[in-house]
Amino acid sequence: MTDLKRKTVGGMLWSIARAGWSSAVTLVLFIVLARILAPQDFGLFALASILVEVGRVVSSGGLGDAVIRAQEPDNRFLSTVFWLNLGLSLGFAALIVIAAPFYADFLGNADSLYIIYALALTLPLGSLGAVHGALLAREFRYAQLTLQAMLAGLSSGVIAVALALNGFGIWSLVAQAFVGAIVSVAFAWVVIRWRPSLQFDTSVVRSIAAFGASLAVTQLVWMMLVRVQDLFIGSFYGPAAVGIYRIAWRMIELIANMLLGPIGSVSLVSFSRMQDEPDRLRYAYGRMISYASFLVFPMILGFGATAVLLMPLIFGDNWSEAIPVTQMLSLMAIPFVFNFFAGPVLTASNQAGAVLKVAVVQLLTTILFTWIAVRFGLVAVAAAYVLRAYVTMPLQQYMLARHLGIRMGDTWAAMVLPLGCAMAMAIAVHFSLPWLVARYGTGWTPTLLAVGLGVVVYTALVVLLARSQVRDMVTTLLSMRRKKEPAE
């Protein structure tokens with residue numbers, strides 16, 4: 001096993017641990033907060049945070065990715081990126097403060113004004129650790145990133161729950177954002193000994209400006225892909241409906257982040273170092289698609305199949321309107337895997353323009369479909385998002401084929417077996433639910449039986465039909481335990 005492959009797999013394992021811990025802690029705290037706070041609180045926070053998220057994406061300007069991609073960044077390069085990031089963050093925080101009253105009027109909710117003011121301060125605060133975080137990722141120091149996520153997630157969540165229990169309402173969510181940023185920055189400065197010097201080289205800015213601006217616009221479009229629907233829902237139905245939709249989306253997002261996030265965070269670094277070796281790049285892309293498929297499909301489709309039992313148990317009856325939305329969004333499993341790695345592999349190959357074109361088409365299509373669907377309710381809005389994903393999926397695959405020679409057929413070949421096994425599992429679970437509910441009623445007993453059935457069916461099908469792929473995955477993971485690398 002080559003050093004890059006060993007580091008990639010090792011980084012993936014640590015990233016999975018980090019994402020698993022982060023998702024588990026986030027899920028538990030999210031459930032607790034959902035049982036304390038009202039949908040109105042979650043919805044209003046989601047709407048208020050959109051403006052701040054826009055500022056965060058634009059002010060970061062793809063600067064962290066520029067550090068990761070740089071061949072040998074010196075102190076002059078890193079210091080320039082640090083001060084540029086901090087300056088942009090301060091500037092956009094000031095712009096947000098100026099724009100906040102107008103945005104609050106647009107939302108029709110004066111309570112959001114001071115929330116926006118407070119959240120704007122997280123922009124310069126978070127920028128203080130951006131370069132340090134990029135250095136951790138660049139050096140494959142995923143164990144430290146895992147610990148960082150653990151400390152930040154746990155400390156911020158505990159404080160948020162404590163404040164919520166004491167009647168602070170939506171401000172408990174604001175405090176969670178602040179504490180998470182403070183802990184993350186403090187940890188990064190402790191484990192990375194690099195400190196910025198008073199250097200600012202305009203030639204460095206020029207060298208990364210085109211890449212950074214293109215990536216920032218792309219990331220902004222990706223962010224708005226998810227958040228633009230909140231604006232439609234909020235304007236039609238109010239913050240409480242946004243809270244319902246956010247709960248459903250957040251559950252699917254947690255699963256995706258837990259499984260796809262770690263692989264994706266490693267993929268950009270690995271793809272960047274293989275950008276001059278197209279054959280290796282295509283092979284690595286196929287392997288990551290295959291690994292992700294075996295993990296993502298059963299989790300998302302299985303959750304969708306059991307949502308009618310799980311959601312009331314997890315969140316309570318107050319969130320029952322989120323059940324059909326969750327079921328609809330679970331159909332995003334295929335586009336999640338198809339599209340998730342396209343951005344990193346194209347970006348690593350200096351094809352950020354292609355990523356931007358796809359993102360713009362997806363955003364415009366989302367706006368159009370949502371505008372048509374929003375008057376028909378939240379499930380229709382979710383269906384519009386799912387439909388957009390499938391309609392634009394071929395375009396993303398076309399870009400891969402055109403620029404990197406990654407054919408759509410090759411991508412399908414990497415995922416067809418796990419997809420078939422997961423679909424069969426979800427169908428089996430779905431048709432078992434009426435019998436389980438009739439026999440055991442609602443509650444944990446039929447839910448656990450349904451989950452157990454899904455695990456048995458999926459495992460059996462994978463062993464029977466995809467044994468070679470699983471053996472390859474296991475061999476790769478076990479090889480991490482070897483002390484010496486075999487000759488290749």
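Glycine is no exception: its Cβ is also placed from the backbone N, Cα and C atoms.
Per TrEMBL, these features apply:
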type: TRANSMEM; residues: 12-38; note: transmembrane segment
type: TRANSMEM; residues: 44-68; note: transmembrane segment
type: TRANSMEM; residues: 80-103; note: transmembrane segment
type: TRANSMEM; residues: 115-137; note: transmembrane segment
type: TRANSMEM; residues: 149-168; note: transmembrane segment
type: TRANSMEM; residues: 174-192; note: transmembrane segment
type: TRANSMEM; residues: 204-225; note: transmembrane segment
type: TRANSMEM; residues: 254-271; note: transmembrane segment
type: TRANSMEM; residues: 291-316; note: transmembrane segment
type: TRANSMEM; residues: 328-348; note: transmembrane segment
type: TRANSMEM; residues: 412-437; note: transmembrane segment
type: TRANSMEM; residues: 443-466; note: transmembrane segment
Cβ contacts the transmembrane segment (443-466)/the transmembrane segment (291-316), at least three under 8 Å, sequence gap 6 or more: yes
Contact ranking winner - 174-192, 291-316, 328-348, 412-437 against the transmembrane segment (204-225), Cβ under 8 Å: 328-348
Run the contact check on the transmembrane segment (291-316) against the transmembrane segment (80-103): 3 or more C-beta pairs under 8 Å, excluding pairs closer than 6 in sequence. no
Tertiary contacts of the transmembrane segment (328-348), as residues 6+ beyond its ends and Cβ separation under 8 Å: 65, 69, 215, 218, 222, 248-249, 252, 256, 260, 263-264, 267-268, 271-272, 274-275, 281, 285, 288-289, 292-293, 296-297, 300-301, 303-305, 307, 354-355, 358, 379, 382-383, 385-386, 389-390, 393, 396-397, 399-400, 403-404, 406, 411, 415, 419, 422
